[in-house]
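Engineer: Below is one structure. I have some questions about it.
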Number of protein chains: 2
Amino acid sequence: MTVIKGYNVAVVGATGAVGQKMLETLDKKDFPIENLHLLSSKRSAGKELTYKGETYVVKEATPESFEGIQIALFSAGGSVSKKLADEAVKRGAVVVDNTSAFRMDPEVPLVVPEVNEADITKHKGIIANPNCSTIQMVAALKPIKEKFGLSRVIVSTYQAVSGAGNEAVEELRQQSQDFLNGEEMTADLLPVNGEKKHYPIAFNALPQIDVFQDNGYTFEEMKMINETKKIMHDDSLHVSATCVRLPFFTAHAESVYVEVNDANITVEDIQQALKNADGVVLEDDPTNQVYPTPLSASGKSDVFVGRVRKDIDHPNGFHLWVVSDNLLKGAAWNSVQIAESLIKNNWL
Amino acid sequence: MTVIKGYNVAVVGATGAVGQKMLETLDKKDFPIENLHLLSSKRSAGKELTYKGETYVVKEATPESFEGIQIALFSAGGSVSKKLADEAVKRGAVVVDNTSAFRMDPEVPLVVPEVNEADITKHKGIIANPNCSTIQMVAALKPIKEKFGLSRVIVSTYQAVSGAGNEAVEELRQQSQDFLNGEEMTADLLPVNGEKKHYPIAFNALPQIDVFQDNGYTFEEMKMINETKKIMHDDSLHVSATCVRLPFFTAHAESVYVEVNDANITVEDIQQALKNADGVVLEDDPTNQVYPTPLSASGKSDVFVGRVRKDIDHPNGFHLWVVSDNLLKGAAWNSVQIAESLIKNNWL
């Protein structure tokens, strides 16, 4: 008999959009916590947050914060992870990192539990949580690849502002109200915090998420391309992405085109595979106008798939519409799932 | 010397979202009008509209309304066109029809002047104006096909609510305000007027535009697929589409993947072809965050293209971001261009 014990858990970036969803998820899943440490940047230190009815004062994250910590959930931005993740590991913690800092590091497993849980065993202290838009896509691709083979993916995204943090949520809200009032909109943050130019997101669409790379793709697009290959263990998989920010608050949607290896596969085959997949919910009944939307998926932890269609010209081609809450399965939920897997499998 | 004379022009559906843009466009282009007749359904008859400072009373469209009319611009819905376009033609008018009523009729030319102006010569009284999302895409595809050959197109759209008319514009406005006030949103119209279910569009994305067909595609998606082949005179062109309604008022955006016939083509080749194309404006400078958006394209008559990238894996593949005002080039502007071409070329 195993006696369930509690763990000393740190949440780094506890005051952020994802950090708050981490706390909600830990609570909802009744994660076995002995001591909870809420950490943040110096700027947010001193704020108070509640967890299961108790009030916690958020402390500034320093190397010493991780003394005695067994599990550290990081989502305070790449620079914080680069500075402190190793310090946490040095002090005995296993880090689940929700930033892009270590995702493509060959020494660091990049994990979506439904897709590649066993990769967690290879960890050397840090496990990376993939980019939100990648997680939901690979969750839908996994059962298709496993059953029918997969050679090609072309995705166009429809991404919520909360992926850019609480300030972007506020910016959309303020701009929307200003526009409805007939006032001029002020853009200070999106598409990318710190970039030279900012454009209104309210009642608009911005084909830029994260900074541009030399090849004309944005960093967000390259994350989707590279992370998908790593998670699916398939460097030969052709992946391309166009990432677009849109004026809604929560949940990303994706128009995904795939080519499977077998030309005899039907829409029903794909639907059946998705229906049986862990963490995926098929919502696909055009006759009754059933398909997922950002509003219908918000606040839920699954990945929803609808609009499964065969390409009209290409016998191996299919189209899918994939929607999931970017702060839950796309971030907090997936991170906590990794932490649960560490415990359940004694991989800590 | 040709003496410019004026024509007797009827605008059918003058009070609608597109009809009003028709009047603005006729005015802006100083279209040679001798007599202007503004027509509508019985419901909207009696309303007053102004054109070049003069007030016009809108009259109910009947067969007799077209006596003496030379050019009739229809945008009052498919059923009105089916009922009255032939009546107009019978009385000597040439009809430019902005509904889906005749678009796929083999006897009716389907025209985007920059792409297939000469098809106008084949008209037997009716010329169809393509679907808004098709027009802007083929305008961008034409120079690419012409220079480099084109075998495949996969498009995911980001479409404005004004494509569903003035009532949809009001629905987005009302729902947005209700949401910001913390009130429940009421959905009565979108995704499709008259459908069984309605979903909020504010702060959401709806992967349904028009009704579903038996093959799982929506009618909007099939319009893009079939119209593109007809306009480009290429039944062998592979085209697939996913059409999504989004919470902005004006201008559709499209993430377009194309495969050209020549694997040695570069991004610069594609950009140069677009730069030289009629009616197309290249806005593509990632380093300076230059790309078109629905807000930047609204109120303009051109088709704007940015984010031109080579597919990372497929040597013949390119990605484009195509944006245009759905009420102008996507509807009114293109219709008036067709009418101008009829006059200029003596094809009336």
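Even glycines carry a Cβ here, placed using N, Cα and C.
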Engineer: Given that TrEMBL annotates B:THR15, B:GLY16, B:ALA17, B:VAL18, B:ARG43, B:SER44, B:SER162, B:GLY163 as NADP(+)-binding, name the residue from B:ASN276, B:ASN288, B:ASN316, B:ASN326 that shares the site.
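Structural biologist: For the NADP(+) site that includes B:THR15, B:GLY16, B:ALA17, B:VAL18, B:ARG43, B:SER44, B:SER162, B:GLY163, TrEMBL also lists B:ASN326.
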Engineer: Are any of B:THR15, B:ALA17, B:ARG43, B:ARG103, B:SER162, B:ARG245 (the binding-site residues) within 10 Å of B:CYS132 (active site, acyl-thioester intermediate) when you go C-alpha to C-alpha, and if so which?
Structural biologist: none
Engineer: If H, G and I count as helix, E and B as strand, and all else as coil, what does DSSP give for B:HIS252 (active site, proton acceptor)?
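Structural biologist: B:HIS252 (active site, proton acceptor) sits in a strand per DSSP.
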Engineer: Can you tell me the CA-to-CA distance separating B:ARG103 (phosphate binding site) and B:HIS252 (active site, proton acceptor), as a whole number of Å?
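Structural biologist: Distance between the two Cα atoms comes out at 20 Å.
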Engineer: Treating G and I as helix alongside H, and B as strand alongside E, what does DSSP give for the domain 'Semialdehyde dehydrogenase NAD-binding' (B:8-123) in helix, strand and coil?
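Structural biologist: Helix (H, G, I), strand (E, B), coil: 39 helix, 32 strand, 45 coil.
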Engineer: Rank the recorded positions B:ARG43, B:ARG103, B:ARG245, B:HIS252 by the number of other Cβ atoms within 10 Å of each Cβ, and give the residue at the low end.
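Structural biologist: Across B:ARG43, B:ARG103, B:ARG245, B:HIS252, these recorded positions, the one with fewest Cβ atoms within 10 Å is B:ARG43.
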Engineer: What count of other C-beta atoms do you get within 10 angstroms of the C-beta of B:ASN326 (NADP(+) binding site), across all chains shown?
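Structural biologist: By my count, 30.
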Engineer: Looking at the recorded positions B:ALA17, B:CYS132, which sits with the largest number of other Cβ atoms within 10 Å of its Cβ?
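Structural biologist: Answer by Cβ density within 10 Å: B:CYS132.
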Engineer: If you measure from the Cα of B:GLN159 (substrate binding site), which of the recorded positions B:THR15, B:ARG43, B:HIS252, B:ASN326 is the nearest?
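Structural biologist: Nearest in space to B:GLN159 (substrate binding site), counting only the recorded positions, is B:HIS252.
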